[in-house]
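See structure below.
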2 protein chains.
Amino acid sequence: MQIIRSIAQLRAWRKTAGRLAFVPTMGNLHAGHLALVEAARQHADKVVVSIFVNRLQFGQGEDFDAYPRTFEADCAKLEAAGVDVLFFPDERELYPRIKQDFNVEPPHIQNELCGAFRPGHFRGVATVVSKLFNIVQADVACFGKKDFQQLHVIRAMVDDLNMPIEIVPVDTGRADDGLALSSRNGYLSAEERAEAPRLYRHLSAIRDALLAGDNRYAVLEKAAADDLAAHGWRVDYIEVRQADTLEVAHAGEPRLVVLAAARLGRTRLIDNIEVTR
Amino acid sequence: MQIIRSIAQLRAWRKTAGRLAFVPTMGNLHAGHLALVEAARQHADKVVVSIFVNRLQFGQGEDFDAYPRTFEADCAKLEAAGVDVLFFPDERELYPRIKQDFNVEPPHIQNELCGAFRPGHFRGVATVVSKLFNIVQADVACFGKKDFQQLHVIRAMVDDLNMPIEIVPVDTGRADDGLALSSRNGYLSAEERAEAPRLYRHLSAIRDALLAGDNRYAVLEKAAADDLAAHGWRVDYIEVRQADTLEVAHAGEPRLVVLAAARLGRTRLIDNIEVTR
């Protein structure tokens, strides 16, 4: 595996690469990321993974400085997964003027769900992903469904700005007890880790109710939120939405997604389940 | 010359095109546009010109509906100039949901100079140019210096968002009396057309003063604006700025540009001169 730190070098290599798949990450890789790499390998001749902890998508008081940097371990995993190139730029390379002057501005959905709790987050994601797409010029990029709203924003952006790339969604990796794999799971204490799967259990229960024809979204949402709160969670949101647009779902909607974000101690966990009925 | 109206067809053609140069226009072509085409031919094997009157960059009360559409004449000129492909999408092709959801948001310079008089204009330009770049995937794109602030915004955008394209600036075409060639000159009455070169004469006079070491920018600007007003113009601005950043110029600045926008009757004319001293 080649490690490339400069944009110019990556562009030069890209010219030789044939059909190319790209997996952007912030590092601290787990099995969920490796599933993205595996999907990437199935879509192209060569695979680039990037590791870049993007300051732009972290809000004030968020965990930018504390975000785990585990470069050596990440390299070993990517090497073993057969990645061709690791793109590992520093902040100077991606933000040479420190401030990013031009931003890709998503529509109102950027201020809903997770966006309501992380102002500017999806602008930061859309902007850095645009930059990375322009640098890597891959044919395909793989994104996990765990960050469902992020996946939605990226797909809508690619479509709306006519970006010449195909987005491949990849299913959420889960621990045996159902907890969605996430870099932030590493923040959990043993006690919190034992409690954490409750989030997925509630999403699953709402899915089952929806599949049984229940359309009382607000009731289902409130019951889950109340139970989580009773078990020490601070719930940012639990919502049933249209799966394809992320807009508010009306009764009888056939393609739904149940999304949640909630905090256990200092750790914010997110998860979701799609429901087709 | 092939006329292509669909994005899918253009993308298919692009794969066969080798090194490609791109000239985005809004049609109503004049010799200034043909100079862009000539520059494009010198930079690539194939040349694509687009004609698209972009609603997004016109403000309320601006001339979107009245903007001259001269398709047949434009085709003849482009054919004679050796253009390989004319990309001529309709609004449905570029804005299938009517509303553009994702926008490329330029920094504060979008609200200065022309931007102060055309709110949202440079956002609309940056967004449609991003879309066209993503569709055409040219190696090079040519822009005229007549729209100096537009050229600045595009170059800064390409740099800041790492777009894989080279921007080639092309000198302003002028009539014998100095008037910058522009589609909007066609709006001028005979009397206004005779008056119009006064704008360039003032820019030239300011250039001469700057070259002679004059640093009293505000004095030079005001003298020119007052004389234009005395001759029936409504002046939006005349300003001396740093040429490379478009920021406010300090005394002694070596690389300057003098920019102006002013209205003669219903027609808004813009022009500029670069000064290196």
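Every residue, even glycine, has its Cβ placed from backbone N, Cα and C.
Feature annotation from TrEMBL assigns active site, proton donor to A:His33. Residues or ranges marked as ATP binding site by TrEMBL: A:26-33, A:144-147, A:Gly173, A:181-184. If you look up TrEMBL, you'll see A:Gln57 marked as beta-alanine binding site. Sequence annotations record features per position, and here TrEMBL assigns (R)-pantoate binding site to A:Gln57, A:Gln150.
Structural mapping of features recorded in TrEMBL.
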residue  : record                    : Cβ contacts under 8 Å, 6 or more apart
A:Met26  : ATP binding site          : A:Ile51, A:Phe52, A:Val53, A:Asn54, A:Tyr67, A:Ser183
A:Leu29  : ATP binding site          : A:Thr70, A:Ala73, A:Asp74, A:Lys77, A:Leu78
A:Gly32  : ATP binding site          : A:Gly144, A:Lys146, A:Thr172, A:Gly173, A:Ala180, A:Leu181, A:Ser182
A:His33  : active site, proton donor : A:Val23, A:Thr25, A:Val49, A:Lys77, A:Gly144
A:Gln57  : beta-alanine binding site : A:Gly120, A:His121, A:Phe122, A:Gly124, A:Val125, A:Val128
A:Lys145 : ATP binding site          : A:Leu151, A:Pro169, A:Val170, A:Asp171, A:Thr172, A:Asn272, A:Glu274
A:Gln150 : (R)-pantoate binding site : A:Phe122, A:Val125, A:Phe143
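According to DSSP, A:Lys145 (ATP binding site) sits in a coil region rather than a helix or strand. Secondary structure at the residue listed as 'active site, proton donor', as computed by DSSP, is helix.
Neighbour count (other Cβ atoms within 10 Å of the Cβ, all protein chains): 18 for A:Ser183 (ATP binding site). A:Gly173 (ATP binding site) falls outside any helix or strand according to DSSP and counts as coil. Other Cβ atoms within 10 Å of the Cβ of A:Gly173 (ATP binding site) number 19 in total over all chains.
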